[in-house]
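*Asks:* This is the structure I want to talk about, given as structure tokens.
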Amino acid sequence: MRTLIIDNYDSYTYNLFQLIAETYGVEPVVLANDDDSWHRMDLDRFDALIISPGPGRPQVERDIGASLDVIRESGLPVLGVCLGHQALGWLSGADVVPAPAPIHGYVEEIRHCGRDLFRDLPQGFNAVRYHSLCVATPAPDDLEITAWTGDSVVMGLRHRTMPWWGVQFHPESISTEYGPALLRNFRELALSAGGRGGGGTCPEHVPRWSLEVERVPGAADAETVFTELFGAQPYAFWLDSSRTGRGLARFSFLGDAGGPHGEVLSCSAGSGSVQVHDASGIGTAIYSSIFDVLDDRVRSRAVPADPAMPFDLNSGYVGHFGYELKRDCGAASPHVSPLPDAVWMSATRFVAVDHETEETWVVALTDGRPRSRTLAGRWVSEAAEVCRRPGGAPVAEDGPPAGEEFDPEPWLVRSREGYLADIEECLRLLRAGESYEICLTNAAEIPFDGSAHALYLRQRRLNPAPYAAYLRLGDHEVLCSSPERFLKVGRDGIAESKPIKGTAPRHPEPRSDDALRDELASSDKTRAENLMIVDLLRNDLGRICDIGTVDVPRFMAVESYTTVHQLVSTVRGRLHEDMSAVLAARACFPGGSMTGAPKLRTMEIIDRLEGRARGVYSGTIGFFGLNGTADLNIVIRTAIAHSGRLTVGAGGAIVLDSDPAEEYEEMLLKARAPLRGLGGLAGAPVSRGTPAAVRAADPG
């Protein structure tokens with residue numbers, strides 16, 4: 001069956017897309033609700049119309065867009081989901097009113113009439129609800145209520161004379177039962193209702209990109225390698241798997257932007273250009289998106305994967321996308337970061353440490369010319385000698401004793417009162433149906449004129465993380481202790497995301513710690529948070545993955561870190577054959593665990609409430625390999641060192657069950673993590689005193 005979906009800018013539309021394509025065997029066409037090209041489309045080539053979920057109300061033109069006009073003018077059989085269901089009710093004369101209780105991300109038993117959409121579905125099947133509004137009862141004469149909850153909230157309807165059916169719940173959710181069966185019933189209903197159905201010059205040298213590689217027995221001491229090989233370079237990277245384990249990052253990568261093929265790409269969101277500086281310092285501008293430039297660079301320097309190398313980074317680019325780069329991904333971005341929104345270094349000379357086999361690999365890229373091969377081979381030999389040396393003495397622990405934490409609260413950009421007020425506004429918007437989940441954040445700005453590198457060395461011991469990173473980027477440094485993977489693309493084309501939603505503090509007493517862990521795993525609130533983001537990630541991957549390949553092999557598992565327990569899921573899918581790792585990252589950026597859902601509308605809310613750029617925080621750090629692979633984190637638990645201060649972002653997901661005071665404490669808990677090594681370190685503030693006075697004296 002040929003299906004047209006009107007997308008009301010919902011973050012779960014492509015979960016519907018995947019489910020429909022799997023069930024009907026034909027990919028549907030997706031059209032945004034503000035795309036007026038539907039006037040020029042041949043609607044006769046479709047058999048059915050589906051109106052997607054979305055934020056807002058069916059009475060508001062911005063929320064519903066062209067959906068109502070397409071319903072009226074196409075004559076197609078219609079299935080409305082959530083907002084689409086409410087739109088059918090409203091078109092039929094029903095009122096759309098606040099639900100008795102807003103429900104977002106909870107599973108409910110559905111009772112039904114046993115006919116039409118619900119033929120052969122068991123009574124009381126489970127379905128996921130994401131809504132604050134509902135169709136009011138009693139229904140007008142033209143409508144029949146076909147499904148309901150235990151407290152009589154309308155969950156399904158049909159029009160008595162038009163081929164219109166609606167469901168308030170989400171059949172595409174991972175936790176909804178019988179979604180495919182419901183869609184098969186709709187197909188039968190729709191088809192039985194009569195659905196419509198010049199010459200150039202040769203370059204002097206065509207690069208033949210390849211690698212010079214040496215394997216060194218033993219896991220090199222990463223601190224020694226970074227300090228001796230890359231510590232003096234203005235642009236350097238350390239993708240640091242300081243916490244390893246099954247299913248986590250296995251390798252650490254250390255390198256810089258030097259060498260004959262080195263370069264640095266940087267840009268500010270919305271500028272329309274990318275600045276390129278090669279190893280000699282010569283700068284040029286490319287008038288294009290950073291995503292397109294990176295994608296072109298990776299393709300033009302392609303090096304096939306070597307089966308003998310156990311890691312995916314076979315040279316490529318290492319760096320970050322900042323949150324405001326969402327402007328280049330289809331979202332608005334009214335705030336301007338003082339730092340570049342993207343910086344990517346070519347990883348043409350680097351060291352890889354395998355923490356599982358305890359081996360070290362030294363790698364350099366060559367373009368095939370004799371001089372390039374000679375320089376690459378020489379560097380590999382010299383770097384391998386450094387890797388063979390024993391590690392140096394650890395950084396002196398001159399900071400606070402174990403357990404004492406630096407207090408970020410006096411340095412918050414938005415005070416406790418302001419942050420609590422923002423949480424209350426989030427709750428109001430959730431109840432009004434403007435969002436399902438809002439990932440609200442704050443920031444602390446702390447005076448610091450010490451060594452950011454020394455702080456990172458201490459931090460990686462105190463708070464090890466699987467997706468940690470230290471980036472030196474000219475005039476600023478990034479100190480990241482992230483436990484969360486945004487997107488990994490393997491050599492087999494499998495894309496994987498590991499969203500984290502749900503956080504609880506650790507406790508020194510084992511029984512109390514186990515109790516906190518168990519409470520996190522069973523909490524309705526945290527499970528709802530995680531479910532919403534899992535469905536959002538399934539949607540994001542559904543846009544770019546083959547039909548039937550998006551799945552969730554690990555759902556709501558607890559992972560324990562030094563300071564917190566976290567609720568983690570894994571979402572996977574196989575990328576379309578023509579979808580590169582860079583373009584996949586653009587399609588999914590920014591990570592849904594840092595926005596909430598629906599993503600676009602919720603990011604607008606975040607921009608209004610937070611009132612400032614997030615910068616590197618909430619973006620992603622990682623690599624794109626020349627073999628088409630990628631591994632990118634979510635930038636959380638991170639400090640940015642710039643202009644005599646550290647900036648740390650932290651926040652949490654606001655859902656209907658959120659308690660403002662608890663959310664504030666969770667934000668502080670997360671802000672403390674990247675600052676555990678700060679107290680007592682040279683250059684850090686000694687007093688918790690009067691940060692406002694400090695800022696007044698040093699407004700920069």
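Cβ from N, Cα, C; glycine included.
TrEMBL feature annotations, pasted as is:
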- 4-186: domain 'Glutamine amidotransferase' (DOMAIN)
- 224-361: domain 'Anthranilate synthase component I N-terminal' (DOMAIN)
- 416-670: domain 'Chorismate-utilising enzyme C-terminal' (DOMAIN)
- 497-517: region 'Disordered' (REGION)
- 506-517: compositional bias 'Basic and acidic residues' (COMPBIAS)
*Asks:* Report, as numbers and ranges, which residues of the same chain sit near the compositional bias 'Basic and acidic residues' (506-517): CB under 8 Å and 6 or more residues beyond its ends.
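*Replies:* Distant Cβ neighbours of the compositional bias 'Basic and acidic residues' (506-517) are 403, 558, 560-565.
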*Asks:* According to DSSP, how is the region 'Disordered' (497-517) divided among helix, strand and coil residues?
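*Replies:* Going through the region 'Disordered' (497-517) residue by residue, I get 8 helix, 8 strand, 5 coil.
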*Asks:* Could you break down the residues of the domain 'Anthranilate synthase component I N-terminal' (224-361) into DSSP helix, strand and coil, giving a count for each?
*Replies:* 25 helix, 47 strand, 66 coil
*Asks:* So what pLDDT does the domain 'Chorismate-utilising enzyme C-terminal' (416-670) average out to?
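*Replies:* Across the domain 'Chorismate-utilising enzyme C-terminal' (416-670), the average pLDDT comes out at 95.
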